[in-house]
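Here the structure is laid out as structure tokens; the discussion comes afterwards.
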Amino acid sequence: FSGSQPADRCGAPLHYPNTQLEDLYLQHSDFSSGVQVAYKCRPGYTQTAGRRVVRCERGRWTELQMTCEKKSCGSAGDIPNGRFKYEGVLYGERAHAVCNRGYELIGDTFRECQSDATWSGQVPTCDGIPKQHCCCFFVSVSIQYHLIKDHNISVSIYFLTYGDTVSLACVEGHHLNGSAAVIKCDESGRWNPYFPKCLCKYKPSLFNTSNISNIFFLKKRLFNLYLFKCDDRPRCLSFLAGIKCPVIHIRNGRVRPQQVRFQTSVTISCDQGFRLIGAAKLSCLRSGSWTEAFPTCVPEGGPTCPVPVVDNAKRISGEASVYQPTHSVTFACLEGYVLSGSAQVTCGQDGQWQPELPGCKPPAANKCGATPRVPNTHPKIDLLHPAEFEPNARVVYKCDEGYIRAGGSSIIRCVNGKWTPVTLTCERKSCGNAGEIQNGRYVYEGVQFGDIVTAICDDGFEMVGRNFRTCLSSGWDGREPVCEAVQCPEPPEVANAEASGSMDGLYVYSSAISYRCRTGVLVGEGQIYCRKNGTWSAPPPQCKDIVCPNPNVKMASRVRGFKSKYVYNDVVTFVCSPKMRMQGARTVTCGPNGKWEPDLPKCLCKYPWRQSTLHPE
């Protein structure tokens, strides 16, 4: 047994998620009983709760109570003529820069939240030079177009930039639903309006023909080499190649599909008899990394250990309804009792606790056992403290992390085998105000240690990143969250209408667009606005030539609305001739369908009974 670990000594401390040992202890693998070692959070993480110290007790390390969470970087900044789209605001997450329509991004395309809670790089700019785009000129062998005016086209492709227009006409033997058409290359690299159709005047006879599908554009000015592909609809598709995420291997599980590129996802399931721990769906990010940590498949059922019960002791960590293999429990003796054995036990694969459960026994005469537990405090004991304390031994208490001294004595003594009372009282620290949120506010649960404040965005804004902060011993964790304006999709163009308002390509909450017809009558809402849920208040209106028939009502005259032509929204009011009564509404309006609303009235005789005397039975 010369090479084995002594029973009362500990080996290297355990590893815990998001933490690491202080550098002082990294080179050691043998520790005496009673020695304490300290942990710290890994770079990019901050302490959120618990003590950071563990202690070697009779050959076992106590369980670490400290937890660490990712740091928050808050807002990545403001981009004139652009904005950031956030994956999140925590360590390792990115904010992607996006320019408004008509502007080009100069600088980094994204900023990443770093370990020191700052964003990488600098805020990029959006230059006012319009971006150039390629449009793909689609040509089918059986249905062709040719260009009018000064443009020349080579076989099947033509290079155009954003804003350029082309006039088209069909080749001989086809007709274009009328006359020539003008199409425009828009900012998305598509033709607008959609390609016209050339209809065959007669069925052609063609042999050995094929459609052109792939087109290469060489580098020209701001362009690199891209491959565009025309599908069944004539538009350009840019293929982003090279962004792959690492292959996932799950023991006792399956991953579908096996290889994934940017903006696609995989689904993970476990084999029969196993259950999934972690996320069942992961997505591949632009950075080539996965959105979540890899899950695991663990056996269902299996052996369990009995509930661990130790007389004169209580469980201070590891409480569970079912104890499965690898599950650990830590005990502490009640005041006045001395621990015999290991304070921490682990459920083994055979369903037995390893090592055996400890015991708690009374101390020797005039000696004191475990120190008393007092809320919000803990004893400050030397690294090598005894299981039993000699008469007149003195122990100093201190406040737990996040608490400050409010009064009383911090010292107790062992007198006649009993500890003197602990009079030290500690109260929670206060973090004060959590700060201000632009376009939002905080809802406070409290401002003391352990309390949480929840961030709420104003109407028309949505939260980016974590929506709460916790009061720690060092103050509020993280940074102020970001409330980003809700955006509505770009509304479609209205034929024969002029639009005014938020026409810069960014339609945020409460933005309004007004329409005015160049020709015809406006049918629908003349102004629509972006609502707080990201939808428009109404569909776009239409410009129509709506004419209602001349409103003739027998035995009636018009007192309002004298016109030779009646269009949408025109109003006419009638009055019946003397001795006649009106049936229906006296005022009607020309409706959107070219009909009077409500129906035209009728003028009837006031005294229909007199008419019956002309026709006696």
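The backbone N, Cα and C atoms fix where each Cβ goes, and this holds for glycine too.
Bear in mind that TrEMBL entries carry predicted annotations, made automatically and left uncurated.
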TrEMBL annotation, disulfide partner among Cys333, Cys347, Cys399 for Cys360: Cys333
According to TrEMBL, the disulfide-paired cysteine of Cys41 among Cys10, Cys68: Cys68
Disulphide bridge to Cys297 as given by TrEMBL, partner from Cys245, Cys270, Cys347: Cys270
Whichever of Cys99, Cys113, Cys170 is disulfide-bonded to Cys126 when TrEMBL is consulted: Cys99
Cβ-Cβ distance under 8 Å to Cys297 (disulfide bond), same chain, at least six residues away: Ile250, Arg251, Asn252, Gly253, Cys270, Asp271, Phe274, Arg275, Leu276, Ile277
Cβ-based contact of the domain 'Sushi' (486-545) with the domain 'Sushi' (71-128), 3 or more pairs under 8 Å: yes
Cβ neighbours within the same chain of Cys41 (disulfide bond) - under 8 Å, at least six residues apart: Asn18, Thr19, Gln20, Gln47, Met66, Cys68
Integer Cα-Cα distance in angstrom, Cys399 (disulfide bond) to Cys333 (disulfide bond): 21
Helix, strand and coil counts within the domain 'Sushi' (303-362) (DSSP): 0 helix, 25 strand, 35 coil
Proximity verdict for the domain 'Sushi' (71-128) and the domain 'Sushi' (429-485), three or more C-beta pairs under 8 Å: yes
